Amino acid sequence: MDGPSLPLNVRRLLTTNLVVNRLHMFVNGIAILALFHYRATTLVRVFRTRETPLLPYLIVLISEIVLTFLWVLHQAYKWRPVKLEVYPERLPGDEKLPPVDVFVCTADPSKEPSLGVMNTVISAMALDYPPDKLAVYLHDDGGSYVTLNAVREAWKFARFWVPFRRKYELKFPCPAAYFSAEESAHEKFTDSSEFAAEKKIMEKRYAEFQEALEKNSVNASASVSRDHPPVIEVMTDENGDSNLKEMPLLVYVAREKRPGHPHHFKGGALNVLLRVSAVISNAPYFMVLDCDMYCNDPSSVRQTMCFYLDPKVSPQIAWVQFPQKFRNLSEHDIYGGSLHHLYVGYRYFSVVEDCITSLTLHCKGWISVFLNPSRPCFLGASPTNLNDMLVQQTRWSFGLMQIGLSRFNPLIYGPLRMSILYSMCYAYIILESLYTVPFYGLAIIPPICLLYGIPLYPKVSDPYFIAFAFVFLSPRLKHVQEVVSFGDSLWTLLYELRVWMMKSGACYFFALMNAFLQKLGLHEANFSLTSKVVDDEQARRYEQGIYDFQVSPLLLAPLCSLYILNLATLILGIPRIFHEADQFFAQAFLSFFGVIVNYHLMEGMFLRKDKGRIAPSVTLLSVAISAVILCCGSLLLIH
């Protein structure tokens with residue numbers, strides 16, 4: 001009689017992280033309570049004496065309440081940290097593995113170059129999984145002949161690449177990643193003359209494949225249509241055979257689109273793929289990839305099967321999710337760059353279809369798995385310029401706030417349907433745009449009050465000052481601990497803090513405003529693609545850690561205006577800071593901290609002369625806006 005089988009997956013509790021996280025929650029929570037006690041007593045005193053205006057204190061209090069609210073929600077992520085490990089070598093034989101469909105979506109070959117998209121498609125076809133049980137579907141939302149021809153070329157190349165990768169057990173299923181990797185990536189067959197000969201032939205074929213896609217991509221933008229009939233084409237060889245030995249199925253799909261008819265963005269595209277695949281391959285499992293998110297580990301599907309074939313957990317699992325990791329991050333990562341299977345259709349309520357769908361599934365009792373293996377299973381392309389990052393984050397934040405302002409708000413919809421920790425996790429990510437409230441409140445009110453001699457914080461000699469200092473320093477130190485534990489450099493602290501400030505000042509502000517306007521029927525949701533085309537000059541600046549400020553003035557002006565306001569009040573308030581340092585140290589430090597952290601804005605406005613600097617017109621506009629804020633603030637304080 002056989003003994004008990006070895007587990008396919010193991011969940012390990014990270015005890016050290018758990019202790020550190022909960023200790024930080026407890027101590028920081030006590031300091032926050034002391035902070036609010038000070039605010040309450042101060043408000044009562046100001047209200048009774050009327051010695052100073054009440055409005056600044058109220059705005060700062062509201063800012064601190066919002067920050068505390070979001071901090072409490074964020075602690076749900078850190079309550080019980082675990083790490084999952086999988087053992088794909090313990091899976092049953094290939095004949096017992098279930099079929100899997102892979103879905104890839106693209107929309108515009110002028111913004112999502114065909115070479116990158118086809119590398120994603122080919123990498124999925126080359127996964128270490130029985131080819132007769134693997135099908136890859138590419139949905140082209142633009143109905144572009146450029147993309148259709150590219151898929152045909154990808155099929156021709158894949159007929160040689162897929163057997164080659166399987167034969168020599170290459171670690172990289174993506175041809176672009178393989179040919180750009182170091183020799184050690186394929187050291188197993190380095191001494192084989194047969195391998196060397198076949199590799200040389202494969203390099204030639206890949207070069208021909210690249211050349212064919214480049215010729216095919218002429219006038220790519222003109223090939224995109226918003227008015228086209230449906231197209232479904234199963235890729236076949238010259239003899240019309242789509243079931244070649246060792247080759248997965250490859251299908252091109254373009255749904256019908258008509259002007260004025262709602263198509264529901266990517267959620268609609270994925271639901272079309274669900275219906276098409278149900279007729280052609282009808283696999284019980286499917287995997288969704290972004291068009292620029294290629295497969296980096298051939299065993300990725302087998303790793304997910306370690307959960308789906310585990311009888312203890314599989315009946316409850318809705319999907320397995322991998323972290324979003326990027327192949328093109330520089331050592332600076334100045335823009336903070338540092339994949340789902342679902343059982344049902346995607347919801348149409350929001351432009352972030354994955355979030356609303358996953359929220360609905362969790363509320364129906366399903367669970368999910370977050371798998372983060374040491375070797376990234378998928379690698380994508382992170383934005384390498386500030387404009388793309390801000391546009392992308394604005395779009396995501398707007399979609400999330402759509403959910404937050406609806407009946408699906410996790411704090412209302414979730415508690416009776418899923419655990420309170422799940423509800424808090426969803427609430428944090430959905431309501432993250434609320435950071436814009438304390439960001440603007442604390443970037444405007446304290447510096448103006450510093451200029452006019454209104455103290456908002458306790459004196460350095462006051463015992464309450466310790467609570468305020470701790471609340472400020474504690475998250476910074478916790479951030480250091482997290483960065484170090486992930487093996488990143490301390491520069492990551494600065495870059496992530498800058499990104500958070502830029503998102504709070506621009507992305508979250510416009511996301512929140514547009515979500516409210518849409519709720520009033522004054523704004524229509526749209527889905528703007530992030531360009532995957534790499535500009536050589538922008539890429540060079542990114543690698544050097546230099547910010548590219550070729551950004552819409554609408555997104556850049558608020559950030560520059562706040563910077564100029566804090567810089568100006570800090571300079572004008574120097575006499576007061578020196579004479580009343582005990583009283584105004586905290587306010588001066590906040591402005592000083594913001595000015596130092598965002599020094600890159602100073603460089604962009606006043607020091608740089610290259611093409612990527614902040615345009616002089618934006619600088620002048622920001623000076624005017626900061627002057628208006630200062631004047632309006634002074635009028636409010638006087639009256």
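Keep in mind that glycine also has a Cβ here, set from the backbone N, Cα and C atoms.
Record features, source TrEMBL:
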- 20-38: transmembrane segment (TRANSMEM)
- 54-73: transmembrane segment (TRANSMEM)
- LYS111, GLU112, ASP141: UDP-alpha-D-glucose binding site (BINDING)
- LYS266, ASP290: Mn(2+) binding site (BINDING)
- 437-457: transmembrane segment (TRANSMEM)
- 554-578: transmembrane segment (TRANSMEM)
- 584-602: transmembrane segment (TRANSMEM)
- 614-638: transmembrane segment (TRANSMEM)
(request) Out of LYS111, GLU112, ASP141, point to the one nearest ASP290 (Mn(2+) binding site) in space (Cα versus Cα); all of them are binding-site residues in the record. (result) GLU112
(message) Checking distant contacts: for the transmembrane segment (437-457), what same-chain residues at least six beyond its ends satisfy Cβ-Cβ under 8 A?
(response) 52-53, 56-57, 59-60, 62-64, 66-67, 465, 468, 501, 504-505, 508-509, 562, 565-566, 569-570, 572-573, 576-577, 580, 583-584, 586-588, 590-591, 594, 629-630, 633-634, 637
(message) Please give the maximum pairwise Cα distance, in Å and rounded to a whole number, for the UDP-alpha-D-glucose-binding set LYS111, GLU112, ASP141.
(response) 13
(request) For ASP141 (UDP-alpha-D-glucose binding site) and LYS266 (Mn(2+) binding site), determine the Cα separation and express it in whole Å. (result) 8
(message) How about the transmembrane segment (554-578) with the transmembrane segment (20-38) - do they touch, taking at least 3 C-beta pairs under 8 Å (6 or more apart in sequence) as contact?
(response) no
(message) Let's check the environment of LYS111 (UDP-alpha-D-glucose binding site): how many other CB atoms sit within 10 Å of its CB?
(response) 17
(request) Count the other Cβ atoms sitting within 10 Å of the Cβ of ASP141 (UDP-alpha-D-glucose binding site), across every protein chain shown. (result) 24
(message) Using DSSP and collapsing to three states, where does LYS266 (Mn(2+) binding site) fall: helix, strand or coil?
(response) helix
(message) For a quick check of understanding: among the binding-site residues GLU112, ASP290, which residue's Cβ has the most other Cβ atoms within 10 Å?
(response) GLU112
(request) Express the distance between the Cα positions of LYS111 (UDP-alpha-D-glucose binding site) and LYS266 (Mn(2+) binding site) as a whole number of Å. (result) 16
(request) Looking only at C-alpha atoms, tell me how far LYS266 (Mn(2+) binding site) is from GLU112 (UDP-alpha-D-glucose binding site), rounded to the nearest Å. (result) 15
(request) With H, G and I counted as helix, E and B as strand and the rest as coil, say where DSSP puts LYS111 (UDP-alpha-D-glucose binding site). (result) coil
